[in-house]
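S.K.: Structure incoming, see below.
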């Protein structure tokens, strides 16, 4: 987008150090052109690869490369390692549903035992858990460390029968679940000089074995200055599993025992522990680099100089001082920024600062805005910028004397000096063409093709808009909204409506030339709702009848967006299009699409094509929309393939939202759709936005993920940004960081309010820096890490084979944990898996990401659904991605009707269900109520008002309003869960042992997937094996 006339010189014109001075980076997966595997990163027959099924690798030199990803991220080609045994062949859905075995136990029998074997897992013994706190190391574990930890140990197991010697030939394992069902096996492994078996990656360069006395290879250089104190971590031990394990000298074989899932780290326990220690308290942001409560913990946040974690969460709150440390640890340095996050009513709203025509005070060199990180000197006449260290003169209007500690006397009176987040009123320098913007407009665009008329959708939309238009957002002090509204209907042609307030009847104008769309009227198209209410209601009453006899099935789509954008452009205002659409646009027009849903591409290198838009029309249309501040929100009602990858591109790139209701049925889906529409119309939103992330010297923002457009390396452009959208930003070093000054981040968003005022919203955050790797690991936040990994992987889906992306994710998980083990943990047996306390649930969350249908196809999931989920995750904040990948599972049968507390959640595994139980599962998109066959009759009566399990109607999507405590309590709990989520969750009732349970079971993410995807236990074993291989 051309910036001319968009933002004048003061705000964003001058470069700052470290911004825009290098070519763009491509995150952790690289752009399509970078596909060579960096040395030491990919191990085609690594620990999860085609090694001997029961064999062991001889100790040898370490992997050759220093780290897994180069400066521009990891790039890999060829076959990634095979990982887990694949599922049995699937003939049809019904037969793959394991029958329930009659059981005397109350526990819920699963189709796959939790001790289901892999080549490693089959030899695991039972684990016992031994916890030791920060002051106690386990016996023979070396010095105590500062971190609390959990140690999981296993008794010895039988020695492995064979050791892989040079030249040994072993058969590859069966096709793996990580590479998708049916993946072809890899070639036979062969001996390599670095001690790893398997074929070398293309272009790999080998290093000779180390000379006598030489240390481990560059992959894990020994730490001296930055080794830090020893830290205890969660430890799982698998004696004898790996080279160096004590079981090589073990006695007679011991009987195999089941691996106990209770002995591995539990996400539920981590969530509950944090709630117990920090829930309901005040969290003050006055300390640099402090780790906030988890997103799952409710607390009151008090801004005392750093932005609330509602606005910014980081993957780690302590950055490594050098890029070498960052490469060694492999922990992504990133922030998830949600600039318009909703602030609870018990917390202070953002203060608005108005400096009149002078505008915000900014650093002359780097253009950072005045904030708590600026240091005033020389009696208050000058200040030193915290970001670039430039010394600036204080403008005369802004001068104030300093107190005895060098702080301004008005420190606590000025939000920009004492708070982490605040807003400025922007001057004309920050406006397009240096003139104030007009208030935004909402345009409602309704597909009136045959199917939408016949199923009653058009009538429903028109009816509901009458009441919803009353709720169009307005400024708190205003009586009416400044937002204007307009209406268009379409099928193969476009119908514009004149609803000027002085008309007796609305007037329709038809545009048939969809190749060159124009706006046939200006005056009367965009109107104030209050003034034209009667004409608008008249129109909404007429539309369903107007098209009642239409037999037109073909629709256009791109011209609809074009028409809305041209209307906003003609009115010289930003705005939002609400498009209600239901079919593949097959009519002759720009953006015409064909059905390209090809299942043959699944599990091939061409699978990425399914996620790419079919034509470049939508990409250029999105750029035009952003250039004119036009955001697009799309409500899709498909009954078959509609190519979400193409249709959803404009909503994604313009800061809009995509909602999808498959096979829409009025009686089942009406409420979900209306809830979504109402929330979308009413939500807090900013228009025509540009975001810039500034950093202190030593590091810079290099990559951005979200519903955004970038025409250069620094400015994040968004036609609109609302309270649910987050942008994830990755940082890289460009120099050393100082422990004293830390790492400072300032996010500035320039936007237009719903009343047409131009503002700047500023968020500031200070992080610590350390030369000790231990500090970096102590300060990590797993929920933010998973948000980053998901977005970087889902972005890479457009350019790289999915199996390569899955491989990179497993590789990086192992690298992070191996670096911790080598440099931070107390000495321990090689057979123990040691996890940092802050990352002990990283493996389970990473496995959930790997099993998501975007990265691992499943036969029952459509191509459109995969494209839809990919798009949703790209704009999610940390709380939404946490719930999406690890759903909440609540035992409803344990409800205490006298308490307002939610029942304690249980782990997402079939083993946690019981025949006597009723469970509620929610992941932010779906909600299920699962009913065991022996559910208590009094609960069934209380919730459904029917006498028994057999009488329950599973078609209902809303619970009946039964006037008893159980029903009221359950509906209250569902309301609480729903209230915090951006999408309305339709309820599905699932009975144990009935067919719909197949869908429900896919959300039990700790279990093995029906069509691929490892169980949590198996994944943990495989990560451990890979860590051991890295360390050896």
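Quick reminder: no glycine exception, Cβ is built from N, Cα and C everywhere.
The following feature annotations were taken from Swiss-Prot:
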- 363, 366, 385, 388: Zn(2+) binding site (BINDING)
- 102-133: compositional bias 'Polar residues' (COMPBIAS)
- 198-212: compositional bias 'Pro residues' (COMPBIAS)
- 266: phosphoserine (MOD_RES)
- 1-260: region 'Disordered' (REGION)
- 363-388: region 'Zinc finger-like' (REGION)
- 901-974: repeat 'Gelsolin-like' (REPEAT)
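Could you give the neighbours, burial and distances for every feature on this list?
M.R.: Cβ neighbours within 10 Å of residue 363 (Zn(2+) binding site), excluding its own Cβ and spanning all shown chains: 24.
Listed in sequence order, 841, 907 are the same-chain residues at least 6 apart in sequence whose CB falls under 8 Å from the CB of residue 266 (phosphoserine). Reduced to three states, the DSSP call for residue 266 (phosphoserine) is coil.
Panel annotation: around the region 'Zinc finger-like' (363-388), residues 11-14, 16-17, 19, 305-306, 394, 399-402, 406-408, 416-420, 424, 694-697, 741, 744, 746, 748, 760, 762, 764, 766 of the same chain, lying at least six beyond its termini, place a Cβ under 8 Å from a Cβ of the stretch.
Summarised as a single figure, the pLDDT of the repeat 'Gelsolin-like' (901-974) averages 95.
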S.K.: Using DSSP, tally how many residues of the region 'Zinc finger-like' (363-388) sit in helix, strand and coil.
M.R.: 3 helix, 7 strand, 16 coil
S.K.: Rank the binding-site residues 366, 385, 388 by how many other Cβ atoms lie within 10 Å of each Cβ and give me the one with the fewest.
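M.R.: With the binding-site residues 366, 385, 388, fewest surrounding Cβ atoms within 10 Å: 388.
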S.K.: Going by DSSP assignments with H, G and I as helix and E and B as strand, what are the residue counts for the repeat 'Gelsolin-like' (901-974)?
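M.R.: Helix/strand/coil tally for the repeat 'Gelsolin-like' (901-974): 24 helix, 12 strand, 38 coil.
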